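Engineer: Please read through the structure below; I'll follow up with questions.
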2 protein chains.
Amino acid sequence: MSNETSISINPYADDFPTLKAILGVDVPLRLDCGVELSSFPLAYQTYGTLNKDKTNAVLVTHALTGDQFVADVNPVTGKPGWWTTMVGPGKPIDTDKYFVICSNVLGGCMGTIGPAAINPETNQPWGVDFPVITIGDMVRAQALLLDYLEIETLFSVIGGSMGGMQALEWAAAYPERVFSCLPIATAATHSAQNIAFYEVGRQAIMADPDWCAGRYLAENKKPRAGLSVARMAAHITYMSEGALTQKFGRRLQDREKVTFGFEADFQIESYLRHQGISFVERFDANSYLYVTRAMDYFDLATTHGKGKLAEVFKETEIRFCVVSFSSDWHYLPEESRVIVRGLTGAAANVSYVDVVSDKGHDAFLLKEPEFESVLYGFLNGAALRRGLINE
Amino acid sequence: MSNETSISINPYADDFPTLKAILGVDVPLRLDCGVELSSFPLAYQTYGTLNKDKTNAVLVTHALTGDQFVADVNPVTGKPGWWTTMVGPGKPIDTDKYFVICSNVLGGCMGTIGPAAINPETNQPWGVDFPVITIGDMVRAQALLLDYLEIETLFSVIGGSMGGMQALEWAAAYPERVFSCLPIATAATHSAQNIAFYEVGRQAIMADPDWCAGRYLAENKKPRAGLSVARMAAHITYMSEGALTQKFGRRLQDREKVTFGFEADFQIESYLRHQGISFVERFDANSYLYVTRAMDYFDLATTHGKGKLAEVFKETEIRFCVVSFSSDWHYLPEESRVIVRGLTGAAANVSYVDVVSDKGHDAFLLKEPEFESVLYGFLNGAALRRGLINE
């Protein structure tokens, strides 16, 4: 099922555990920018067993800084997979019933080709010579993985945040290959505010002298400070104002009084700094530029529907379940309702749930019983209709 | 009325126009951190005429990146003052009726002592050897200015954002010297989310190698990139999501198609970059650290009321008008309601208006008719009661 290739594509090879499942894609992939990738590695993980009819495959698509390690230990961080709340035996995305696939996105830094990979023409990391990719490109690469796995149709494609964009793109680009689709805490188009936040992050990275005009890997450097600031800025958008107040408020970090200085007096400062520093250890700065850019460029209606979402979905037979979280201000519930209105305008089959939560955007990654029950219910209903389970 | 001192306190002396009104304060000021400033410059502007009884003085307190040039041309930027919508002859803060004073805050960089000023002991800019200041310190310095001007009581103290914190601090620290108080788009305590945003800005500045551990002025450098990123991140919080969508949406900057690169494809990117770059020309990076820190430390109830806002205001005779803006997510309307509840809990005299606006936090600086009418009405009513005008 997997084809081990060299992991020399990974610039941090010395520190890096072997990634077991890397497919050497040898079918050319034409990117939206016009460049053709003739062959490239695509790293993925699978969980559960594919049934004989190959009808129980679920593609989980990951968010900006996610990876293919959904439900098993991440070999880089040593931490549990990023969606163990949701994926596993007896979980809503039940690996006893479904065959779950997750691949590292194109442009990522966990084994799939991206700016940190080696450009075979120069034997150097691609850096900013790597072509700019789109959500559409990510999904076309995933389709090649399904071809390789000889899976014609996905029972479901499920993703939150940027993963939700990929889920929507799947529904738009390959409607005949998708039975059900769950776009979670996401948007059909990247808003000005979100472009703005990611632009701040990119500028922070590119302002770091250790970015070396994108060639830091060749120069054996790393724009730590810039990437850390980018992560800190983004991290604020993942939590609600209420969650920050509840979790940290104005509590001081290991002290009784403020220090009248610029150390981390407050717990929130210490927390954010830790988020920034630990992120640098696991993520490539150029990947951050490329993957955020792919999100900025995402505009489903323009790409697939002449500017109209209803046009994108006009003949779709896919069953949709759109989920938002009430306190999410990164991808607002209103942005989910725009998706729902587009689907409704095409008389598509769509459920929508705005989960009441105070956890902000991050809610989709956290323990949130109503969300779990929605996912379980929808998937179970769809599995009945698909004949995967009996009443 | 003003005492011109050398402007050698200003490190950008060569580019800098003469600041006319700089008071050389020679009364010692004990800061909250324990340091005593024995003498220091305090830059201010005045508009209108002080009446014989000295009862018509209005202190306008400025926000993070504001300055004393409220209603006349800013000599650094060459642009109109920052509150010409509100202050001037016939405007709501009517300089035909009131004597308006505005001083550059302690820690600022427009003539008042701050980290860019020269430390007389070393003949070098203070840099990060400058003592960390608080909103309380800013207000005590302003009180020294009033002493110098021989003004016992302010008819009103009015400010938005950090200016609103100063207005509240005035009411708490000098209740007998204030007749009316208008805290606008502000909070009685800095929230975890706002500490987080300012911490990102500070980290961006301190990560810039040209910050030189705070000694960039002595080394003839400037952390341009870091300060620019800090400004970009903060600027997003000044606008509502809706205002960004309306003003920029996904419109491209001087091009038909995206470039598949990291240039400013979108207008919002170009706008933010411009905000960052132009800010660097007019603001000192260390001042940004100090003034944001003063905001983080602001917690009115803890400082003045044993943790209870109602306690802060328990004997106040001041007339308050609290104003918020419905789409402000930097200082939420809810944070204004906390102030109002504190005042109500002390049975104080308080009006509250949440102005319906889609302009976000910036609304207080923009043309907003309902806001103008609220300010005009409240001040006019207060002026009648104070005997400044007749029916």
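Each Cβ is built from the backbone N, Cα and C atoms, and glycine gets one as well.
Automatic, uncurated: that is what TrEMBL annotation is.
TrEMBL feature annotations, pasted as is:
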- A:Ser161: active site, nucleophile (ACT_SITE)
- A:Asp328: active site (ACT_SITE)
- A:His361: active site (ACT_SITE)
- A:Arg231, A:Asp362: substrate binding site (BINDING)
- A:58-291: domain 'AB hydrolase-1' (DOMAIN)
Engineer: Tell me, in order along the sequence, which recorded positions from A:Arg231, A:His361, A:Asp362 have their CA within 10 Å of A:Asp328 (active site).
Structural biologist: A:His361, A:Asp362
Engineer: How far is it from A:His361 (active site) to A:Ser161 (active site, nucleophile), counting Cα to Cα, in Å?
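Structural biologist: Cα-Cα, rounded: 8 Å.
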Engineer: Whole-number Å only: compute the distance from the Cα of the residue listed as 'active site, nucleophile' to the Cα of A:Asp362 (substrate binding site).
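Structural biologist: So the alpha carbons of the residue listed as 'active site, nucleophile' and A:Asp362 (substrate binding site) sit roughly 9 Å from each other.
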Engineer: Over the span of the domain 'AB hydrolase-1' (A:58-291), how high is the average pLDDT in this prediction?
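Structural biologist: Looking only at the domain 'AB hydrolase-1' (A:58-291), pLDDT averages out to 96.
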Engineer: Which residues of the same chain, at least 6 positions away in sequence, have a Cβ lying under 8 Å from the Cβ of A:Asp362 (substrate binding site)?
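Structural biologist: Expected: A:Tyr238, A:Met239, A:Ala243.
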Engineer: Over all shown protein chains, what is the count of other CB atoms within 10 A of the CB belonging to A:Asp328 (active site)?
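Structural biologist: I get 28 for this one.
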